[in-house]
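Inspection log for the structure reproduced underneath, given as structure tokens.
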Amino acid sequence: MRSDVSEIEKETKCPECGSDDLRGDYERAEIVCGKCGLVIDDNLVDMGPEWRAFDHEQRDKRTRVGAPITYTIHDKGLSTMIDWRNKDIYGRDIPARNRAQWYRLRKWQRKIRISGATERNLAFALSELDRDSSRLGLPRSVREAASMVYRRAVENKLIRGRSIEGVVAASLYAACRKCNVPRTLDEIAEVSRVSKKEVGRTYRFLTRELNIKLPPTSPVDYVPRFASELGLSGEVQSKAIEIIEMAMENGLTSGRGPTGVAAAALYIASVLLGEHKTQRDVAEVAGVTEVTIRNRYKELTEQLDLGVTL
């Protein structure tokens, strides 16, 4: 008896017509030839759960497995915790004479979960990483990637002599670039309580020692976030991206900060499409000076002949 539809489709052809167009029907537990209709196997096993759920609440109640493994927790989410509420499995209150015992059990359980210097380091660092990620509004994928970078740094003994906060910030910056969720060094430094210089220095050290290859950040990556914060339309975003792509083709972005180019392109696009924003507004969102925007603006309008004047 076969239970893997893909295995049958790869290894078997229809004995009647020779066609390899085999289709699985889980409702009837059959493998059927899509050309002649011959039933090739009628003992297909459904490997899914035996229960059905029609919403998230039912799915959470009926599933019998725990949360998936995550690198954002020092023990990867594999351990359990004693609930802080003094209730048993049936929801009844624990007798007062047993509460002191439960308090001691919780205390020992917390100590057991974090045993050793490495575990303590990971527990503190990953909580710091979660705090910084929340303040930056980063998605789950970036948090997982940053946690993996930090774990690699710990495994390779790269933490010694450096602050945990600095390594966490550098790991976050590397993860943002890897996942194409750009954040500037200034933004990372602002939430991490370490200087921009230290974040940059630690980032370069980690990428060199861990052999992390990251592509250069493109100005296009910053456009959606800046446009959203400025309240600009999708048409302005598209026009700004078009301007940036033209600038890249003409070599106008080489040696220029991506945030400055993105800010200038958005400013030009907003003027062209009648959704004008002041240079000060754009500069504040992009984290650059008004002088930078004017310089990039002048370069883009003159070299690309966009027909816009200050």
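Yeah, the Cβs are placed from backbone N, Cα and C, and that goes for glycine too.
Note that the structure is predicted; figures quoted are calculated from it, not measured.
Checking Swiss-Prot for zinc finger across the ranges 9-41, 75-107, 108-140, 273-305 points to 9-41. Helix, strand and coil counts under DSSP for the repeat '2' (221-302) come to 62 helix, 0 strand, 20 coil. Residues of the repeat '1' (127-210) grouped by DSSP class, helix first, strand second and coil last, total 63 helix, 0 strand, 21 coil.
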